[in-house]
């Protein structure tokens, strides 16, 4: 097994700024995982981008009175700024309206088509009677015909987990305007999932390490596999590269067909932009490489069924066989890591209903790491979780400020005041050895949790060590030792021990709190970049594509991407010995305490009772 890890992160729609519910599901968990893997020595490739096709963008563009391209350009830039500000360490965060993405998507489609896994059928398509526009499956809701649950979507019922078609729903209505959709006959290309069922089942049944809810849901999908439409009656999207279809401006590829291909196209673009066009193959063609996919629970289907099926069919590994195409044998996901929903006042975040906290506003007032901490320790890892300002304030004040911030501040302050540097320790007592051993053992405990995407378990144990370190200082009472010259060696030993544990805890918390970790690194008298920050880079869409493809965008558009030189950072998953004699400076406050009243009212821009 090599040590290359692909971290594929769900693509956010470019139809509005991101709110904290979005980043709780796909953003922070994936970054914690990627940062830990890099610190452990893995060669990580973390990719994503803005999803700029599909009806959601058309609907929003209509609302704002702008073209879809204008809308996508604006929100692509806003989302890039949001995610970079949060410290998400993408090797490449790009977009789906690039020449490269069009070409790669069309290559995947043609491979599936030539292998017989894209079939033409006449289906019943839903359209809006008032606009004539196609309604996506997810924009139609009704009663599930199988279990009777209300609120079932046109693609699946979350209550029973069964796949549906919009025409299956009882009393279907459009989520856009509440009208009853009209169903018309239309011809589409469908992914022949039944022909790939055995291959999908064989792959899924080997996924022993997945979160139980994700694996159970994915296995249930196999029970009623039907061909699924991969084209849509829509004028905004990627053209269908088949004779007789490619010039039809009213039919495009389904947004979810092209979005999941984005993990591959982004990897190819990353390789080009870093000067080694073949480098992507190390993560995609080498079966020893691993790939982890992060998303919210509503997107499991596309990552544990649709995307693996596309990959299997492209390589001719279904019942119809077929050949391997130009991109070679491509790796299927090692694990699909899904989070539940972050809610507010018991409801899903909704901009239209005013139930929303935007990332941009949150970062401006509180910075990135308090939000990252909250999502890690109290977020929707395994269950839907309600965000409240009261809990946010309580956790920041009691855990981050009083716990971690206090440990760093008082340890470094006492060492600086009494020695001006990291002191030389004397003989260690059993108490010293115990806390040092606890901190060292935590690398294994927290590392094991992070390697298996158990982020809440990992940060809980790391903060337990912080608590043990604070208890150690309270027990040793170095402020009393400082008043007795005969206890100077013991004072030096206690403070050296505490500084070492601070250093250890900083390593443990780095994947979660990279911005604070850099501050602590400097507070301990160390130079250089400990935890690298992502950078926003303006690029030009000038990438050569072969084959050219159908209807691809013209070269020359410029757009922002997120990249970063993470290989140059010093952070590693191991004890970093504190060196006696290292100069210290008076520490600055690490984490500002919040006004408790904020927990009752919320900030002006997101009040508790709007």
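Just so you know, glycine gets a Cβ as well, placed from its N, Cα and C.
For 12-22, the entry in Swiss-Prot reads motif ''HIGH' region'. If you look up Swiss-Prot, you'll see 144, 147, 157, 160 marked as Zn(2+) binding site. The motif ''KMSKS' region' annotation in Swiss-Prot covers 348-352. Taken from Swiss-Prot, the feature ATP binding site covers 351.
Cα spacing between residue 351 (ATP binding site) and residue 157 (Zn(2+) binding site): 23 Å, rounded to the nearest whole number.
Assigned with DSSP, the residues of the motif ''KMSKS' region' (348-352) fall into helix, strand and coil as follows: 0 helix, 2 strand, 3 coil. Residue 351 (ATP binding site) has a Cβ environment of 13 other Cβ atoms inside 10 Å. For residue 157 (Zn(2+) binding site), the same-chain residues lying six or more positions away in sequence with a CB closer than 8 A to its CB are 144, 146, 147, 149, 164. With DSSP states grouped into helix (H, G, I), strand (E, B) and coil, the motif ''HIGH' region' (12-22) comes out at 3 helix, 2 strand, 6 coil.
Under a cutoff of 8 A between CB atoms, and with a sequence separation of 6+ in the same chain, the neighbours of residue 160 (Zn(2+) binding site) are 144, 146, 147, 149.
Ranking the binding-site residues 144, 147 by how many other Cβ atoms lie within 10 angstroms of each Cβ puts 147 at the bottom.
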